[in-house]
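For reference, the structure discussed in these notes is given below.
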Amino acid sequence: MSIKNYYKGIVVTLSFTIGAIIKLALLPCYHSTDFEVHRNWLALTHSLPLNQWYYENRSEWTLDYPPFFAHFEYGLSKFARYFDSAMLDINNHNYASEKTKLFQRLTVIGSEIILALAILSFHFKCLKSLTHLYIDIHFQYNGFLLAILLLSISCMYQNQYLMGAIWFSTLLNLKHIFLYIAPAYVVYLFYAFCIRQSSNCKSFVINLITLGMATLIPFIFSFGPFILMNQLPQVLSRLFPFKRGLCHAYWAPNVWALYNVLDKALAIIGRYTHLFQVRSISVSMTSGLVQDIEHQVLPSITPAMTFILTIIFMIPSLFRLFRRCSKRTFLETIILCALTSFLFGWHVHEKAILISIIPLSLLAFDSREHARYFLLLSIFGGFSLFPLIFTGPEIPIKIALFITYTTFLFYTLGEVHGDRGSTFTLPLLNRLETLSVILLIPLCLYVECLHTVLHIDRILPFLPLLVISIYCSFFIMYCWIRLHTIEAHQEDELTAIESTVKFSGRWNMKQRKKH
């Protein structure tokens, strides 16, 4: 058995064994507002007929996921009544009995069984790799959604294009945030299935129609009833609420976090120097509220601007995918599309970083460079999620888990790629990257301890969120740039090889003609 396969097997086994134990041990821990969101959706889908699901607004946590996820909640509600029927009372807001918490946490853990199946599919059939362990006290059904993504990619790697398209279409109808990576699927399926597998114009048209029908089937089952009830505009208004503002309450570590800070700095300078006009605003962008905001000096950003920027920065990787259309390039394009959307998208949630980290983990054992940026993206992406868990008892737990997981990654990937680090560098990282990781220690100390001890929280309550977001933004952008560079370098190498092969072929033909 090779060292790579040895460590892959160890990581897969340990990840799920330890992960399950830890998640069960953390059942009594803190739960976020997402707990009440999903409890309300359980009650909503259980108590109301289908035609009222996307109109119900007695709670501030209205249903804003696609219909398949609403039906998933409806299915869970059938079991919820055996734990505590009071959680299904639509007027029982902020209800959180021990049995309710137990049920909801167990459903999260149970739904992740599909994640194990997806990883096994990759481990034994496709990339022979794995995804990393993500332990989430913050209440979300992330595991099984990411598992469906892996199942879809797995089908693509096995040339099961229609099944891969159906899985991805199903995923979009569970959580529409995966639209981030839809362009990669469109380009890859169009070329790999419609063009490459067509011998003539007729077969191309047949393949295109077949692919379109396979993609539409989940949408028909999902949105069909609401179309028949003339409720499609209402459903779409819930799924795409553009009035929520450029950034979430906690700024995701992306370009717009840096843009906001620059605007804030220019506003302060402008007030004292009068070098430029500072517009008055009714609501501070650091208020921690989810709402539309305006900038004071820089131009205010609109949803259309973020969409255009996102598409523009996706084009290079999509063009390379169309030219090469290999399975590896497809996976790399998914990663870059996810990162591009995370960095430039509208109202991005901090947890969306997982959509790029999970696919990148599939390349970490097969490529030294991808392992390097998987490490950095996992570390800074993971650290950027620290503010989601802020209650006292859970702080030591999240820090311990983060350190354990990071150490495990460094050791495992370092062994696989033959780099155990040195006196001044961590495995696979250079000195600057090593320093950036080490600086997380004093940053964590300030955010989790000194900010409160020094009573700075009374003056600048948003500062810890701001510092984490800004610091992580730089290094997530760094990973995005470097991953683009890797893909472009591979493109140049392949072009050079093709040119050499063509030249060699022409030379051999000339030599044969001479003889």
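The backbone N, Cα and C atoms fix where each Cβ goes, glycine too.
Per TrEMBL, the range carrying the annotation transmembrane segment out of 235-252, 397-414 is 397-414. Long-range contacts of the transmembrane segment (204-228) within the same chain, counting only residues at least 6 positions beyond its ends with a Cβ under 8 Å from a Cβ of the stretch, are 50, 54, 66-68, 161-162, 165-166, 169-170, 172-173, 189-190, 193-195, 197-198, 234-235. Between the transmembrane segment (435-456) and the transmembrane segment (139-157), fewer than three CB pairs separated by 6 or more residues in sequence fall under 8 Å, so the two stretches do not touch. Put simply, of 139-157, 177-195, 374-391, 462-481, the stretch with the most CB pairs closer than 8 A to the transmembrane segment (397-414) is 374-391. Here the transmembrane segment (304-322) touches the transmembrane segment (177-195). Their Cβ atoms form 3 or more pairs under 8 Å, with each pair 6 or more residues apart.
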